[in-house]
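Novice: Once you've had a glance at the structure underneath, I'll fire off some questions.
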Amino acid sequence: MEAVPRMPMIWLDLKEAGDFHFQPAVKKFVLKNYGENPEAYNEELKKLELLRQNAVRVPRDFEGCSVLRKYLGQLHYLQSRVPMGSGQEAAVPVTWTEIFSGKSVAHEDIKYEQACILYNLGALHSMLGAMDKRVSEEGMKVSCTHFQCAAGAFAYLREHFPQAYSVDMSRQILTLNVNLMLGQAQECLLEKSMLDNRKSFLVARISAQVVDYYKEACRALENPDTASLLGRIQKDWKKLVQMKIYYFAAVAHLHMGKQAEEQQKFGERVAYFQSALDKLNEAIKLAKGQPDTVQDALRFTMDVIGGKYNSAKKDNDFIYHEAVPALDTLQPVKGAPLVKPLPVNPTDPAVTGPDIFAKLVPMAAHEASSLYSEEKAKLLREMMAKIEDKNEVLDQFMDSMQLDPETVDNLDAYSHIPPQLMEKCAALSVRPDTVRNLVQSMQVLSGVFTDVEASLKDIRDLLEEDELLEQKFQEAVGQAGAISITSKAELAEVRREWAKYMEVHEKASFTNSELHRAMNLHVGNLRLLSGPLDQVRAALPTPALSPEDKAVLQNLKRILAKVQEMRDQRVSLEQQLRELIQKDDITASLVTTDHSEMKKLFEEQLKKYDQLKVYLEQNLAAQDRVLCALTEANVQYAAVRRVLSDLDQKWNSTLQTLVASYEAYEDLMKKSQEGRDFYADLESKVAALLERTQSTCQAREAARQQLLDRELKKKPPPRPTAPKPLLPRREESEAVEAGDPPEELRSLPPDMVAGPRLPDTFLGSATPLHFPPSPFPSSTGPGPHYLSGPLPPGTYSGPTQLIQPRAPGPHAMPVAPGPALYPAPAYTPELGLVPRSSPQHGVVSSPYVGVGPAPPVAGLPSAPPPQFSGPELAMAVRPATTTVDSIQAPIPSHTAPRPNPTPAPPPPCFPVPPPQPLPTPYTYPAGAKQPIPAQHHFSSGIPAGFPAPRIGPQPQPHPQPHPSQAFGPQPPQQPLPLQHPHLFPPQAPGLLPPQSPYPYAPQPGVLGQPPPPLHTQLYPGPAQDPLPAHSGALPFPSPGPPQPPHPPLAYGPAPSTRPMGPQAAPLTIRGPSSAGQSTPSPHLVPSPAPSPGPGPVPPRPPAAEPPPCLRRGAAAADLLSSSPESQHGGTQSPGGGQPLLQPTKVDAAEGRRPQALRLIERDPYEHPERLRQLQQELEAFRGQLGDVGALDTVWRELQDAQEHDARGRSIAIARCYSLKNRHQDVMPYDSNRVVLRSGKDDYINASCVEGLSPYCPPLVATQAPLPGTAADFWLMVHEQKVSVIVMLVSEAEMEKQKVARYFPTERGQPMVHGALSLALSSVRSTETHVERVLSLQFRDQSLKRSLVHLHFPTWPELGLPDSPSNLLRFIQEVHAHYLHQRPLHTPIIVHCSSGVGRTGAFALLYAAVQEVEAGNGIPELPQLVRRMRQQRKHMLQEKLHLRFCYEAVVRHVEQVLQRHGVPPPCKPLASASISQKNHLPQDSQDLVLGGDVPISSIQATIAKLSIRPPGGLESPVASLPGPAEPPGLPPASLPESTPIPSSSPPPLSSPLPEAPQPKEEPPVPEAPSSGPPSSSLELLASLTPEAFSLDSSLRGKQRMSKHNFLQAHNGQGLRATRPSDDPLSLLDPLWTLNKT
């Protein structure tokens, strides 16, 4: 039925308009009632007249409907201002023609005009609805709408204009028109439903409703009054309507029959089809004389219904045989009205347009507007009262809490150095000699001070001596021999001058001491400020909050943010309410509203504020809940608040102290200069006085001698008597003996400097002064001295007692007093030789060892050891200094000493109470720097009779820094390892001498001095199983704060030509880590002895003055010349001295290197809570990714931030080299660009990108090299010591020559760029990238460096990679290669074509992946992007890249979760299997052949590489440093097969007890490696004690063990045939001596 031809529709004619002269009446009313000039409204009246002309001659289209509606609205506006209704003041006659009769009808009422316009509006809509053919869906909809609008217009006219102005607008005619229009609209809807094949039952109901509407219209047409009014058209309409009633009834029953057929009610189906056929036949009868369209529709329908009826009847007759019910018994079809009259709103502004008479506002409208304003004000006052009450409560609550959201969580402020301190550090960094200048100035001042004091003492001594001589003279001669008055007066004048100068000196001495105290107070801080920034940062206090405390803090922050959010929302809502009320003006509505409906209008208008009121009330109600939560959070925050408050005080105090030290520097320098000037003047005066005193005293002595001679001639010769020996004052001898203090001690006040004292005669049990003090305080003996100076290296004719430098002991600590039974000491004096020294040969002294007290054995009574006093033995010194060509340092030489005298045996011990449990070190803390003599070669005269002590690590009492000391606390002392183990093997079962954490660091002024001899007790050991002792580089505490470590120097003992005992292998002791404290290296060989118990961590050392050093390159250029014989046990030159390694100077740039990459020690996701947290973060992160608007906002914020940041950074240098920039808008900032040190100019378009993550290496982001900048690129690779280059350029770009090939592509075809030549070593292609190993050689140097070039070719220039998985896999490959290099702070070079787009995305993803792998969760990507862009503009150039990075992070986190057994939330992507291969590319610094590396780096690297791989571990993580061995490992837990590195075999001539044989362990299978076949790293890794072998397959050779070394073998030594497979077999061990 959807194709049935359309039935014709009924439409109405338009009424014709007559005259309406409204202008004169309106003008008259405006003049009279409004008091305005009516001519001012001529324009408005003309507009209204023009609008009426258009309305009465309306076009027959949709535009005509708009004109009619607009005119209707303007008439409504005019009526509300000028009363023109029936009987009103401004009424004028209105004339229109009546349709049916054609007569003109006039009324003096503007409402008649409005009614006629409404009628024409309905008629025009009926015309437009009937004109459409309704063959399309759109046509059916338009016709349906027009008929509904027509029905609306007629219905509005019928209801709002009750007076029948004319016959065609009578109520009966309007009702007829409404029903006709609704029926035709429903008919259009029926046609649309049949076209859409709606359900049969629904179509039947729609059709039945059409029948209902037409029946209503038919009843109106049959009304006699209506029939008489309509005239001729009544018959035509009635026939058409009746025919349609039967027709649509037939259609309704047809679809009811279809419904029965669907329900398989075949009898009902026949009944409905029968009824439809009957009604259709009735319609055909009534259709006679109708147009062809009606006939066509009836015929079509007859075909459909007839066919359906015949088919149904046959089916029922022959198949179903159901009874056919009567139609009356079937359910009647109820109509479904789906159309309605569309209402007319005459004052709709969208239809009427602007009010033409808007300027005319009646007074009544103003009054109503004021009433409405009062209603609005009442509403506002009510809401503001509630808001103010709540705000007052909130303010009082927050004031009482004293919680400022800005300062509650200022933990970030403690993580970096504050700006004011950074300014001070920067000011000191450009003045590196600040501390040195201050110390030197104070040293000069101290020197002059000491000279003045010495001169004054000399004057005093001369005067006292003169007085003594005068007394003797008087005794001998009497008053008769008085000296001249002039001489006495002159002497008195000298005394007065001396007293005056002494008084001035004493006053200045106090000032000088204060100045030194101030200097000592500030110099440490100044050293700290001028040192590395990480040390400054470490000196500032840091918050120590537990995770629970941080959670409390975060909770409080969250609630405070809620409070602020609530406040902001409240202010915003209040502002919205005020603005809405202020803008709300309904005057125009009031003008057109009747006075009786004002109240109703107010209520409707005030409803618009209901939504805002609801929001405000919800906000106010939430305040109580938020404050309750804030109270609970504040209670939990109390403890954290106290911690943060204390931290803030400490932070501010430390900050003020450091700033005050900086500000005091200039004042100290000024005062120091004033002191120097003062003392220089005083010195000259005192020197003059000293000369005068000497001359005066000499003159007096001469005079006395003359008188004495004269008197002696008179007297008989006396009996010979011996005069009383003079006892010189101790201070005098000290002043003579002390000499100049060392350089570091000259800056100390004079009252703190004392020379070594001569011993008094032994009295009872007093401790002789020439013995070192006891390690623990005693009630007897002298108190500890803070400092003592060593003997100056001059020639002394000393006393017979042995003078030994005092070493300061620890600060005095109380010891429980008790009775002690001490025997009297015994000693054997012996006349000593006078040692001599020369500038090249220091005094080779051998102070008696063992003079200190032996440590008490736990549980045994202790007594002081036997004191031994004797002369210091001096060695005969060779007059020559031997030098070797390859060693640029003098080699001191000397001969062996005489045997030491045999000390007395220990006296018997008596029980004494044990001291307090405060163990002290057996070695003496070195308070001042001692002159370091050369190595000793003792002869075989060994004293006997001393038991060997049990030496173990002794805890050091924690020292407290003294205000007047210029040095920090001493590091804990360790027992000294044996220097000559063949003389005195110590008795130490189960213990080996531990190694100190501090290496010996050379001090200024003692360059090139070897370390002091390692003295141990000269005790022969009892017959136990001794472990072979070891000797090595001994760490010595320096006299100041511990110095930052220079590269540790390996000192081995110089063996004599004929060894007397076991030779000690050199032992390299690693220095502390760069963080300033001793950190154990990961995976080291277990220590030979347990480490001492943990003590307090020493304060961070200030940076020391660097001694004059060799350049780094000079040391590295001749690495193997550093005495390989001394390190590998080869023979030495006859000079016998050990060559000294000069410390290498690190460049300033190298000093600023970032800290090494932080390694991921273990899997952070072993804990389930970490996994759960990661899952939650992933869900939140997915939400961000799914929100396109949020990503757009983030991108806009990043762009704005970049513009803001770029304004504060300069690119002036880059602009000068425009030819070296690929794009003129991509240039590096001046502050962090890479500077070329050895090129023609220092510019390259490359930026250092650091600080993205502690687990991500530093990166150098650069553009792809241009043809003219490839040499600069490789020069940067060489200078930065880069080992890994990442290239993110597609093959298409290289084929189109957008990017030049700057690397060799064929083996055997090297490429030269400037001074560098490149060669391709190997190429390997994988499914994600191309890996090239290149070798880089600089000019004519023979050394080559290897580096890895990783090319990711599947990232197009203007797109994205194929999948995030490939890029993630590539990043893991890059990181794996990076971890194989050493050291771990060299950067990775990353470039695409421009160096910002793909490079930025790679860097961002690299950092994010490392953060996730380290267990830190998903980082804030926008923060990382901004951090990158602060270092290089335009990093991450496209928003597409940002979205890709978000997706890649999601993919990586899913992989991490899958790795730990957490299934993905949706269908996972293709799992990118991470190929974990042990790639071992050649290291950038060839550690075996040397390269540009100091020997310390080689040693440190070998130590780092000494890792035993666990069995069966195949992932690359096995090669990473892991957690260190626990420090307290007992010796029993050492692997028995691990050889102790420091042990040495006993000599062949010295039989020793056999060591137990080590148990053989099964060999550990090596993890398979797919890296290159050999590299320097592999070789170095094989040099560790665990893994050393000359061939990886062992080739069937016997494994060497300790037992092999203990057995004697007859061989040719160095002339033995070397195995051909030894990679070092071709090295000549004597090559340094054969070079010439």
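Cβ atoms are placed via backbone N, Cα and C, with glycine included.
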Novice: Which residue, chosen from Ser869, Ser1122, Ser1325, Ser1601, is annotated phosphoserine in Swiss-Prot?
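Specialist: Out of Ser869, Ser1122, Ser1325, Ser1601, Swiss-Prot attaches the phosphoserine annotation to Ser1122.
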Novice: According to Swiss-Prot, one residue among Arg950, Arg1170, Arg1237 carries the annotation omega-N-methylarginine; which one is it?
Specialist: Arg950
Novice: Looking at Ser136, Ser733, Ser1593, which residue has the phosphoserine feature per Swiss-Prot?
Specialist: Ser733
Novice: Do you know which of Thr780, Thr1131 is annotated phosphothreonine by Swiss-Prot?
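Specialist: The phosphothreonine feature in Swiss-Prot corresponds to Thr1131.
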Novice: What residue among Arg746, Arg1599, Arg1615 has an entry for omega-N-methylarginine in Swiss-Prot?
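Specialist: Swiss-Prot annotates omega-N-methylarginine at Arg1615; the rest carry no such entry.
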Novice: Which one of Ser838, Ser1087, Ser1123, Ser1550 shows up in Swiss-Prot with the note phosphoserine?
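Specialist: Checked Swiss-Prot: the phosphoserine annotation sits on Ser1123.
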Novice: DSSP secondary structure for Cys1392 (active site, phosphocysteine intermediate), reduced to helix/strand/coil, please.
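Specialist: DSSP call for Cys1392 (active site, phosphocysteine intermediate): strand.
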Novice: Under 8 Å between C-beta atoms and at least six apart in sequence, can you list the same-chain neighbours of Cys1392 (active site, phosphocysteine intermediate), or say none if there are none?
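Specialist: In sequence order, Gln1263, Ala1264, Met1287, Leu1288, Val1289, Trp1355, Arg1398, Thr1399, Phe1402 meet the Cβ cut-off.
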Novice: Calculate the per-residue pLDDT averaged over the region 'His' (770-1130) and state the result as an integer.
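Specialist: It averages 38.
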